[in-house]
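S.K.: Input: one structure, supplied below.
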Amino acid sequence: MFRPEDEEEGRCTKYKPTMRFASIVVATIILISEISLAVFEYIHCRLDGNPLSAVFAGIFTVHSVFTTFYIIGAFRLIECFMVPWLTLQLIFLTTFALFVIVWWIATLLSIFNLVQYYHTTSDQGLTNAEFFVLTGVILTIVLVVSIKLSHILYRGFVTVRNQNMARYRITEAIQRKDSVLKPSYV
């Protein structure tokens with residue numbers, strides 16, 4: 001409820017962000033990113049003829065469809081629209097976490113010059129170990145951010161499920177109350 005003294009203090013208690021709203025915002029940002037990446041990869045495929053770009057464009061496009069269903073499910077309180085996106089995200093995060101673990105193993109091997117990345121002899125850039133450590137740090141940060149965003153989206157799903165269960169319990173209680181008042185022989 002809005003109170004005038006809250007306006008003077010600079011806070012407004014009329015609208016409180018919920019986990020459902022936060023999950024919709026995060027999913028919308030992810031959807032915009034996926035569409036942008038799909039368009040970028042499609043243009044890259046058309047200009048260079050690289051088939052790997054076409055594969056990535058297809059993957060981003062398919063995932064954006066699931067993200068759209070997630071957003072619709074969060075808006076309309078339809079749990080079954082949200083589950084496929086959460087399943088894909090679980091598969092992605094598990095695979096990505098395994099990749100990061102393997103990358104750090106390769107980083108340890110690169111310290112002893114057992115693994116090397118391709119570079120020219122005239123390259124004055126990073127050393128072998130620096131390249132692996134820097135890339136490993138970036139991959140770890142991306143993994144942590146992806147896990148946090150997925151957790152927010154999962155909590156949005158749980159909120160939708162709880163709201164649906166509360167609505168179901170209220171509806172069932174009203175129906176039970178109405179059925180008790182009517183005689184069974186009528």
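Yeah, the Cβs are placed from backbone N, Cα and C, and that goes for glycine too.
Predicted automatically and left uncurated, TrEMBL annotations should be read as such.
Checked TrEMBL, it gives:
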type	residues	note
TRANSMEM	21-43	transmembrane segment
TRANSMEM	55-78	transmembrane segment
TRANSMEM	90-111	transmembrane segment
TRANSMEM	131-154	transmembrane segment
S.K.: Any contact between the transmembrane segment (21-43) and the transmembrane segment (90-111)? By contact I mean 3+ C-beta pairs closer than 8 Å, pairs at least 6 apart along the chain.
M.R.: no
S.K.: Cβ under 8 Å to the transmembrane segment (55-78), counting only same-chain residues 6 or more beyond its ends: which ones?
M.R.: 20, 23-24, 27-28, 30-31, 34-35, 37-39, 41-42, 45, 84-86, 88, 153, 156-157, 160, 163-164
S.K.: At a C-beta cut-off of under 8 Å, are there same-chain residues at least 6 beyond the transmembrane segment (90-111) that contact it? List them, or none.
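M.R.: For the transmembrane segment (90-111), the far contacts come to 128-129, 131-133, 135-136, 139-140, 142-143, 146-147, 150.
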